[in-house]
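One structure is given below, encoded as structure tokens.
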Amino acid sequence: MVEDTASVAALYRSYLMPLGIDINIVGTGRDAIDSLKHRIPDLILLDLRLPDMTGMDVLHAVKASHPDVPIIFMTAHGSIDTAVEAMRHGSQDFLIKPCEADRLRVTVNNAIRKASKLKNDADSAGSQNYQGFIGSSQKMQQVYRTIDSAASSKASIFITGESGTGKEVCAEAIHAASRRGDKPFIAINCAAIPKDLIESELFGHVKGAFTGAATDRQGAAELADGGTLFLDELCEMDLDLQTKLLRFIQTGTFQKVGSSKMKSVDVRFVCATNRDPWKEVQEGRFREDLYYRLYVIPLHLPPLRERGEDVIEIAYSLLGYMSHEEGKNFVRFSQPVIDRFNEYEWPGNVRQLQNVLRNVVVLNNGKEITMEMLPPPLNQPFERKESVQPDLSELISVRDICPLWLTEKLAIEQAIKACDGNIPRAAGYLDVSPSTIYRKLQAWNEKEEKQKA
């Protein structure tokens, strides 16, 4: 944020705190330009009038060296023409000062999300990526097909999946692919907000509604008008609020906390949970009528351990991005690391893989990620699950004896199927090297081709 008035900068920082973003404030144009030598921001909020140069001067300097960095101008009423001119030279948007909290939050939130999507698309060039996802496994292809089919509808979508599988990325993909893609995408985490505040976060409040409500405030429902409202960890919502949410879904209207007036909005509902929603209904923690209202199009995200060779594809994409961001030179993984990544169960899913790679890239140097660089438990001996021993006690006739090569072929095919096509992982369970399996598969394919000829 480039703002020379300290009180205004502090106020705007407080407005943006709920977004959970890191905000760096500088007071001059020169400081703003110099700061780019140390860190490239995801967004620049730029005051048009600065003590040492104009905002236009800063705009030209930033765009000359970092053309992809989005800039939003903050301007008083009298300089709107200049702000419009700035947009012609690369500014993404402008805000009129004094700026309301909700307007600032929505503008900044949308700008950062758009910039993040463009960055992800660029970083994933050449990879099998889809709307922020990376991976081409069969299970993810099914996810992509569901998103393509359901995005244009207004029907509610219920995303399920373990923590770290990318449920918010999925919700953003649905929004981006829908007719509402240019409208707000507002996310609210029902598990992260205290019970006594979540109604205000969802529906907003009026001045004096409760202690500390000094001004009127828009809630997520109103901010999402025309766009998508994403309710993350919905099964954590209190039953009383579930009743009000059901009424909102049925009528499209709601009341702010402390108000008797009804407000009407048009939103598309996408929700997510890491639990089994029907089990939550059966155990009385989730309303059955709300379940039927929202569970119109179910979409399940597979855990990373079931996504086959997507693991390495994602790892390489993250490695390239993180190495660039941290100023490192990593370009590849050693074969033992690749084998370990394929063998590992990844209980924390993609989020855990991100954290592992961030740890490795920040704390180490070089071009190749090796086993010694991995944090626990990945750098520890891999404990294989004990295999089930076949029962050889029963006598069989000679007619039941299967050729050894066919027994081997069936065992390998079953292992590959059980590991969702992940050959390195299947090799780990079979206690052979991946190259052995690749070689045998190739030999069997060649044999079949000769028989056909």
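Cβ atoms here come from the backbone N, Cα and C positions, even for glycine.
Marked as domain 'Response regulatory' by Swiss-Prot on the basis of sequence analysis: 1-112. Marked as 4-aspartylphosphate by Swiss-Prot on the basis of sequence analysis: Asp47. Per Swiss-Prot, domain 'Sigma-54 factor interaction' is recorded for 133-362. As annotated by Swiss-Prot, ATP binding site applies to 161-168, 224-233.
In the three-state DSSP classification, Gly161 (ATP binding site) falls within coil. Cα separation, Thr228 (ATP binding site) to the residue listed as '4-aspartylphosphate', rounded: 30 Å. Around Lys167 (ATP binding site), the same-chain residues six or more apart in sequence whose CB sits under 8 Å from its CB are Ile159, Gly161, Asp232, Ala272, Asn274, Leu301, listed in sequence order. With respect to Cβ neighbours within 10 Å, the recorded positions Asp47, Asp225 differ, and Asp225 shows the lowest count. Per-residue pLDDT, averaged over the domain 'Response regulatory' (1-112), rounds to 82. Candidate binding-site residues: Gly164, Asp225, Leu231. Nearest to Asp47 (4-aspartylphosphate) by Cα distance: Asp225. According to DSSP, Lys167 (ATP binding site) sits within a helical segment.
Within 10 Å of the Cβ of Leu231 (ATP binding site) there are 25 other Cβ atoms, across all protein chains. Within the same chain, residues at least 6 positions away in sequence whose Cβ sits under 8 Å from that of Gly164 (ATP binding site) are Leu304, Gly348, Asn349, Val350, Arg351, Gln352. Per DSSP, the domain 'Response regulatory' (1-112) is made up of 56 helix, 17 strand, 39 coil. The secondary structure of Leu231 (ATP binding site), as reduced to three states from DSSP, is extended strand. For the recorded site, Asp225 (ATP binding site), the DSSP three-state label reads coil.
Gly161 (ATP binding site): 19 other CB atoms within 10 A of its CB, across all protein chains. Its own atom aside, the Cβ of Thr228 (ATP binding site) has 23 Cβ atoms within 10 angstroms in the protein chains shown.
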